[in-house]
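Pulled from TrEMBL, these are the features on record:
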- B:26-136: domain 'PurM-like N-terminal' (DOMAIN)
- B:28, B:73, B:205: Mg(2+) 3 binding site (BINDING)
- B:28, B:43, B:73: Mg(2+) 4 binding site (BINDING)
- B:44, B:45, B:120: Mg(2+) 1 binding site (BINDING)
- B:45, B:73: Mg(2+) 2 binding site (BINDING)
- B:52, B:256, B:307: substrate binding site (BINDING)
- B:119, B:120, B:144, B:207: ATP binding site (BINDING)
- B:149-297: domain 'PurM-like C-terminal' (DOMAIN)
- B:208: Mg(2+) 5 binding site (BINDING)
């Protein structure tokens with residue numbers, strides 16, 4: 001039977017390729033440095049069984065998503081992720097589960113070039129907390145508070161796909177693999193975020209639903225907005241669903257898409273088009289910031305249904 | 001009923017007094033800078049119900065200890081803690097629990113001058129993960145790997161008090177308030193750690209038991225050691241207990257003391273005595289590093305009983 005230290009060494013002590021990280025897993029703390037003209041950007045997100053994933057979710061999907069949701073937060077600041085810690089609470093030392101979890105996490109960490117530098121393992125109900133650290137040039141981070149009257153409002157990718165997949169699963173309908181992918185393997189916008197520095201006046205990642213997350217920007221920036229539900233970027237799956245249900249609450253309030261919602265001065269329209277083309281990411285203008293202090297959604301009569309954590 | 005954002009704002013959005021922290025709680029990520037001649041030191045620790053605290057533990061004690069165990073890791077590197085993130089998984093939104101938890105955490109964060117800069121709240125079985133960030137001058141951090149043949153081995157404070165308290169509680173005996181304090185309100189050695197820079201060749205915090213934690217130093221440093229169980233620093237409570245039980249496993253393998261175990265060249269004896277006097281912290285020489293690759297404990301016949309996480 002492995003103890004905690006053997007477990008960590010076996011599954012999570014990967015070679016580090018970032019020379020600015022002096023010490024990773026295996027001491028009381030990790031040790032690294034950042035460039036003198038940079039600031040550190042930090043975020044933490046927990047995934048908990050029954051809330052963020054189903055009881056029978058694949059360990060590899062859980063690992064990927066735990067990292068992806070944190071990468072999304074760093075991207076939403078316009079920053080680049082650098083390293084992360086993992087705190088893993090497990091009901092038992094299940095080596096098959098751990099092997100799949102750690103292999104997927106390692107693969108994702110290599111793909112996104114972000115180093116695992118420390119962690120903790122604990123016995124208890126399954127709970128995965130990742131704290132991620134990134135860097136951004138001083139005073140360049142994109143906050144929620146910078147939206148200005150007259151700014152355009154944009155969103156990347158499509159909205160509602162993860163919510164549609166979840167809805168199908170809850171109703172006992174098997175989603176197809178592309179739909180499942182949207183829920184289990186969301187693509188954090190790690191290139192788009194940094195590309196929006198000096199372009200976006202504010203930015204947030206759409207994790208709890210556009211309506212709720214855009215409201216965070218409005219409150220932090222002390223502004224209002226009009227968006228038009230006709231302009232929401234939708235996949236064919238979601239368009240099909242809307243034809244029969246007219247349930248605009250799904251793309252407006254559904255969570256887990258991990259797209260970026262950002263605001264930008266109208267003069268940046270061409271520049272944003274270029275970014276969209278060069279990164280091959282759909283970017284759609286969905287509305288305009290105003291001084292109303294409220295969020296008006298044209299063509300939507302429903303109430304707020306965005307994700308509530310409690 | 002509060003939602004997550006109201007909850008965070010109400011209980012955890014405290015004013016920040018550290019001017020190097022530009023953004024704390026309330027955006028996708030926090031934003032701060034560190035001095036150009038410093039490295040960042042990061043550690044994470046989870047406290048889980050039934051493992052690290054009893055079901056009926058006071059929320060204020062849980063909050064304090066969650067921060068203290070992380071502060072201890074940073075101190076063991078010789079570093080100074082700067083800020084932390086909190087990931088809180090709660091079975092329900094219990095406002096009385098949250099009020100006590102957050103007030104205690106705020107008090108501790110002010111006492112130790114460490115800022116809460118971000119976090120996440122999730123619904124699920126109680127689980128508290130804190131990730132702490134600190135700073136240390138470049139190349140000055142005290143690692144586990146620096147112990148050398150001939151170095152003295154020291155430990156701060158007393159050993160076994162937390163384990164004795166836990167033992168009493170498990171046996172249905174009420175510990176007195178001073179004993180309870182050792183378990184619930186451990187004092188992380190935040191001043192001693194940084195004072196040992198240029199003095200200690202290696203350092204670790206004794207969280208899982210001296211025998212196990214010292215073994216981590218020996219393995220990382222590729223050395224061995226002899227310690228003498230007669231030299232272990234003990235409180236009167238533990239001495240009394242040993243008179244009847246002869247159970248040296250308690251101070252040797254008992255966890256949760258959060259003292260520092262460190263090694264140092266013999267020429268530093270006077271300097272260490274001065275540090276002990278100026279910080280008013282008992283520091284005891286308990287043994288010597290050798291080249292044996294094993295840990296010999298004179299006067300102890302028992303087997304390893306240090307804390308196993310699984």
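Cβ atoms here come from the backbone N, Cα and C positions, even for glycine.
Annotated features taken from TrEMBL, shown on the structure.
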{"residue": "B:28", "record": "Mg(2+) 3 binding site", "Cβ within 10 Å": "29"}
{"residue": "B:43", "record": "Mg(2+) 4 binding site", "Cβ within 10 Å": "30"}
{"residue": "B:44", "record": "Mg(2+) 1 binding site", "Cβ within 10 Å": "28"}
{"residue": "B:45", "record": "Mg(2+) 1 binding site", "Cβ within 10 Å": "26"}
{"residue": "B:52", "record": "substrate binding site", "Cβ within 10 Å": "21"}
{"residue": "B:73", "record": "Mg(2+) 3 binding site", "Cβ within 10 Å": "28"}
{"residue": "B:144", "record": "ATP binding site", "Cβ within 10 Å": "24"}
{"residue": "B:205", "record": "Mg(2+) 3 binding site", "Cβ within 10 Å": "28"}
{"residue": "B:207", "record": "ATP binding site", "Cβ within 10 Å": "21"}
{"residue": "B:256", "record": "substrate binding site", "Cβ within 10 Å": "22"}
When C-beta separations to chain A are restricted to under 8 angstroms, which of the binding-site residues B:205, B:207, B:256 qualify?
B:205
Pop the mean pLDDT for the domain 'PurM-like N-terminal' (B:26-136) in here, whole number is fine.
92
Between residue B:256 (substrate binding site) and residue B:207 (ATP binding site), what is the CA-CA distance rounded to a whole number of Å?
5
Quick check on the domain 'PurM-like N-terminal' (B:26-136): DSSP residue counts for helix, strand, coil, in that order please.
35 helix, 46 strand, 30 coil
Between residue B:44 (Mg(2+) 1 binding site) and residue B:73 (Mg(2+) 3 binding site), what C-alpha distance do you get in Å?
9
Out of B:28, B:43, B:52, B:73, B:120, the binding-site residues in the record, which is closest to residue B:207 (ATP binding site) when you go by Cα distance?
B:73
Cα-nearest neighbour of residue B:43 (Mg(2+) 4 binding site) within the listed binding-site residues, B:52, B:119, B:120:
B:119
Under DSSP, the domain 'PurM-like C-terminal' (B:149-297) has how many residues in helix, strand and coil?
66 helix, 34 strand, 49 coil
Taking only the Cα atoms, work out how far residue B:208 (Mg(2+) 5 binding site) lies from residue B:52 (substrate binding site), in Å, as a whole number.
12
How many Å lie between the Cα of residue B:119 (ATP binding site) and the Cα of residue B:205 (Mg(2+) 3 binding site)?
25
Spatial separation of residue B:45 (Mg(2+) 1 binding site) from residue B:52 (substrate binding site) - C-alpha basis, Å:
11
Nearest-integer angstrom distance between the alpha carbons (Cα) of residue B:144 (ATP binding site) and residue B:205 (Mg(2+) 3 binding site):
10
Residue B:120 (Mg(2+) 1 binding site) to residue B:205 (Mg(2+) 3 binding site) - Cα separation in whole Å:
27
